[in-house]
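Engineer: Below are the structure tokens for one structure; questions will follow.
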Amino acid sequence: MTASEIRRQFLEFFKSKGHHVVPSAPIVVKNDPTLLFTNAGMNQFKDYFLGNQTPAWSRVADTQKCLRVSGKHNDLEEVGIDTYHHTMFEMLGNWSFGDYFKEEAIAWSWELLTEVYKLPKDRLYVTVFEGDKKENLEKDQEAYDFWKKHVPEDRILLGNKKDNFWEMGDTGPCGPCSEIHVDCRPDEERKLVEGATLVNKDNPQVIEIWNNVFMQFNRLKDKSLEPLPAKHVDTGMGFERLVRVIQGKFSNYDTDVFSGTIGYIEKLTGAKYEASDSKKDVTFRVLADHIRAICFTIADDQLPSNTGAGYVIRRILRRAVRYYFTYLEYKKPLLHELVPVLAQQFETVFPELQKQVDFVKKVIFEEENNFLRTLDSGIRRIEDIIAANSATKSIDGKTAFELLDTYGFPFDLTNLIATENGFSVDEKGFEAAMKEQKDRSRAATELDMGDWTILEDSGTTFVGYSLDTTQTKVTKYRKIKAKGKEQYQLVLSQTPFYAESGGQVGDTGTLDFEGEKISVTDTKKENDLIVHFTDKLPATINTTVTATINKDKRQQTTLNHSATHLLHAALRQVLGTHVAQKGSLVNPESLRFDFSHFAKVTDEELAQIEDIVNEKIRANIPVVIQELPKEEAMKLGAMALFGEKYGDIVRVVIMDPNYSVEFCGGTHIGSTGELGLFKFLSEGAVAAGVRRIEGVTGAHALAYVNEQLQQLKEVKAALKNPKELVKAVDTLIADKAGLEKQLEVLEQEKIKQLASSLLPKAEKINGINFIGSVVSVNSADALKQLCFQLKTELTDYVFVFAANVGGKANVAVMIADNLVADKGLEAPKIIKEKISGLIKGGGGGQKSFASAGGQETDKLDQVITAVKAIL
RNA sequence: GGGGAAUUAGCUCAGUUGGCUAGAGCGCUUGCAUGGCAUGCAAGAGGUCACCGGUUCGACUCCGGUAUUCUCCA
């Protein structure tokens, strides 16, 4: 059975049991400060379990893209070493939201594994929660009894709280769980050691494949448990592992989930994968694993960057490069070549990759190149370090850390290169420096989040599409403290405040607590909660509140948001439909739009795009907003964003059904004419394959145009209103360059003349050709020029020239090289001993040429005589 | 968000305690050599040393700020 059949069978099986199959949520998480990536199948259903939202279907099944590389589940450095850790993996799951419970979940999981997938029953074991006295929890007898119907009792094992009781967090829904384990050992081994003794014992061949969580309790703040009114089922089965078991492979990497990629790497590099523990084979596994994580996160709109989620992607990518660079001896970009293979493999499951295959490839290629450059310069740097420390034959921890911290050169490579050169590296010192940096960062981002004070247990409704003010109540609030600044977060039962989302900034405004006005500085989303930020709390919070937004600011923002839609459509019309939104910022002043496109947008294209947008504004198209089932919206040709999670009912913003139809939760104007005017401010690149356009609309656009015109007017006036302005400026610039050149020539000429007039004044003193003079020049550099001019004319010379330059004394001294050598004359010495004191200044330079400067301009003659005296 | 670094010719980079007439390689222009090419030889053009301010007699160099980029950590 192929991997895709296994996946299909899972989904079809649960479909036949009345489940609605939903697509995977994006792997990159938005609007949740506690999570960067989806790390479990249940993430997208969290709000259902918490009761913040009601599900549209009570039975759901899916395969979810997950990534575990940060936070609690950090497996990154394990991946590739063994045969079963992954960064990105698929989690198959079936859910019941207050519908079926233990009996069905248990029966179906058994049916699927043994009848559909035909796993031998005598290799399966199940575990059931044994109870916990301290928590006052009973054994999960129900689950035990339901399992008894399918499995002999000696295969039902009891597990402790750690393995068999699942909790979402410190508080919230939780419950016992029941795992299914499979024993993959060969028969001879199974005869020797009973499989039951190896369950949950970290044996790589006796592994858990499916966890069924039965949510039946709610954990309260005081740590006590209360029964949930609606009981849920939450299951998760690691897809890669399941495939391995069904296909009877020794390792996940031997299945057809990975073999395509591995085969292609073999083809590209000429190396062979032999499934061993060698560094080379670890590399194959690292590459096959990491390319999936990299591709799917980029396809879900997360570009590699130096912060947050983007930094995690960058690290995964760099780990992959590090491996092929060192162990496959492959010194050029490799990962990007694998993208099409993967895109094709997942075309029907996760089509977002195939749809953006060129874009993802380009991003990865640039990123690889970048890091290969970093490695290159790091290697040069480490070679210098090795040369400089040949005496001690060691690299200290601080230096190794600096290589990583400042130049991005990985420690393991430093270690490797050092060892190759017979050097040692102070690993302890390195670790210490690393710890110091981590501590510093943690301290700087310390966020003290208080507990919510709950006044009223109700959801929150957004009424801001139609109202700017409303009567409401505070349902909960808390205090947060970041960087020593205290702030409060308030949640209202209904609110006109738009929370930052889809690029549109959050509203500001005021909350009027029966006379006491508190201003709202920002509004943000936390999952589906709308959180209002304030600097203080009212004296009495438990009153009626009049919530009013800053209408003016919202209006300006709304204009820019609608303009963004017009722009997006125009971009696709002019540049092509490969243009996809990669980021958007909409605030009262301007709009910023990032999109995938591979070349600079030319001035002609920009003009064309701007024309289209303005044409649509003048056409005064009415903006139609509809809430529709997602399928219907898709039929209208609505543009959805990659990496955005949509519910079953979506909000669609239409500006002429033939022009712009977009999924959007933002605020919009009534008709496009309200925008008045649209103007570009700038166009540029932000990352590989991503361009950024900034623009203004409405009154801001007009102000911008007026400002430009005003500047133009002033320039014209300054140039005495020429007929052809551009030509006049060009001429002006060319003239200036010519004049500067001429001036330089004249200066040279002047110095030459000065030099030739000074030449006859040369005096012979003790065999030395001495010229000393106070001259009139206008820069210190001219004195220098004078010396260099004269040195070609004489031998055995000593020159001293002094000048008053802008009220300051400047002196230059030049001595022929042979005099320096033979007579021990040194220019800086003369300056320090004879000159700087006189002119109240300092000076220095080379032995044969030095310069000095000082305050005293009327002692210049004395400078000359003083030098002359020592010859 | 916190830390470390970088910014010098079209490109890749040197520039050692403040004073070297700011350099190298590649590229470019011109000339010469070779039957042609690869190439070799010679000459030349090209720099507001990112920007702004400060210290100093004097700043590519030291200090502060801004911008951009790289990099590590969270």
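Heads up, the Cβ atoms here are built off N, Cα and C, so glycines get one too.
TrEMBL: automatically predicted annotations, no manual curation.
Remember, predicted model here, so these are calculated numbers, not experimental data.
So TrEMBL says this about it:
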- A:His561, A:His565, A:Cys664, A:His668: Zn(2+) binding site (BINDING)
- A:729-756: coiled coil (COILED)
- A:1-707: domain 'Alanyl-transfer RNA synthetases family profile' (DOMAIN)
Engineer: Would you mind checking how many other C-beta atoms are within 10 angstroms of the C-beta on A:His561 (Zn(2+) binding site)?
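Structural biologist: By my count, 25.
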Engineer: Compute the mean position of the Cβ atoms of A:His561, A:His565, A:Cys664, A:His668, which form the recorded Zn(2+) site, and then list in sequence order the other residues of that chain whose Cβ is within 8 Å of it.
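Structural biologist: Checked against the 8 Å cutoff, the neighbours are A:Ser562, A:Thr564, A:Val623, A:Val653, A:Glu662, A:Gly666, A:Thr667.
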Engineer: Give the three-state DSSP assignment (helix, strand or coil) for A:Cys664 (Zn(2+) binding site).
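Structural biologist: DSSP assigns A:Cys664 (Zn(2+) binding site) to coil.
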Engineer: Within the coiled coil (A:729-756) only, compute the mean pLDDT.
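Structural biologist: Summing pLDDT over the coiled coil (A:729-756) and dividing by its length gives 76.
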